[in-house]
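Here is what Swiss-Prot says about this protein:
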type	residues	note
BINDING	79-92, 286-298	NAD(+) binding site
BINDING	Arg100, Arg110, Arg139, Asp228	substrate binding site
BINDING	Asp228, Asp252, Asp256	Mg(2+) binding site
SITE	Tyr146	site 'Important for catalysis'
SITE	Lys196	site 'Important for catalysis'
Amino acid sequence: MNNNTYHIAILPGDGIGPEIMQQAYKILNTVKNKFKINIITTEYKVGGNALDLEGSPLPKDTIKNCEKSNAILFGAVGGPKWNNINETSRPEFGALLTLRKHFNLFINLRPIYLPIELINLSPLKPEIISQGLDMICIRELIGGIYFGKPQGKSGIRSQEHAFDTAIYHRFEIERIAHFAFKLAQKRRKHVTSIDKANVLHTSMLWRKVVSEVASNYPNVHLQHLYVDNASMQLIRNPSAFDVILCPNLFGDILSDECAEINGSIGILPSASLNEHNFGLYEPAGGSAPDIAGKNIANPIAQILSTALLFRYSLKLNHVAITIEKAVYKALTLGYRTQDIAYNKQKSVNTDDMGDIIASLIYKL
């Protein structure tokens, strides 16, 4: 029996967000009963839904209540309906990026795991993926070109132009590098740092600082790769990677490549953390408005993100392990949602997958 009370802010958002979040509720309720944990969940508006109802993609009440919680469980935001409004009011920018900055969520963590029994999910040849996958992509989340100033547009006709600024401070690189190396110490003790140090000054600083941080972890091997080479090596020999450390832009791109290697972005979870282990947990995929409301979305990424919440913010690793075991047990038993059902495999819907995984948690 755990006597602590944990408050989780639930932000379902737009598109498939609400329906995959319903499956996360099933997992939370199952965990509460199985492990006798006091979990209080409260739902708040975010994204396009909040913009339509309250005039902001991130209402002040949502931020205020997130500040009082132990963690945020996030669905998805955005969709075509809000694509043509002012960019700072668009759900992706006005909600998600603002939350990252507000809570100083500088660490983005995406585990890419595929046991040998499930290598048929990967689009790669069996001989390439024969050892399965077990790597983690660590992405610096609130620095780099997405947040650098100035940025904007100017000029008219042939002189029309746009500009962004890539900037990294030493402290931003140091703190994310320390996190990556500490994580690697608990795993296979290998960090691959991604940059473009043959061209970009930000990457030159990145490589220098990461190398300096590495000296504090003599038992961890450091490898530097240019981002273009890294994208090729991930296809050629993904099993060689352990912890991948990336600046914001490169991490954004490579982590999605990792998702496809894994079989589907619908099974890839994500955690965004600050130095106090407060985190926002969300599926790596988007709001998928084209399949919203059809009960065919894959809830596994949302469920595995819930597992990460227990591991990193609530420090209940045994709960996280149980959830993860239930997910991979369901997949090993042959249950598939439409996006990962191949060779005429019968697929189950969103609700059924949530029920199956919840029932397996009870049995483990």
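Cβ from N, Cα, C; glycine included.
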Find, among the recorded positions listed as Arg100, Arg139, Lys196, the one whose Cβ has the highest number of other Cβ atoms within 10 Å in the structure shown.
Arg139
I'd like the number of other C-beta atoms within 10 A of the C-beta of Ile296 (NAD(+) binding site), please.
17
Look up Arg110 (substrate binding site) in the DSSP assignment and report helix, strand or coil.
strand
With the substrate site defined by the record as Arg100, Arg110, Arg139, Asp228, how many Å span the farthest pair of C-alpha atoms?
27
If you compare CA-to-CA distances from Arg139 (substrate binding site) to each of the recorded positions Gly79, Lys196, Asp252, Ala292, Ile296, which comes out shortest?
Asp252
Whole-number answer please: how many Å between the C-alpha atoms of Glu87 (NAD(+) binding site) and Arg100 (substrate binding site)?
17
DSSP three-state assignment for Asp252 (Mg(2+) binding site):
helix
Give me the Cα-Cα distance between Ala288 (NAD(+) binding site) and Arg110 (substrate binding site), rounded to a whole Å.
19
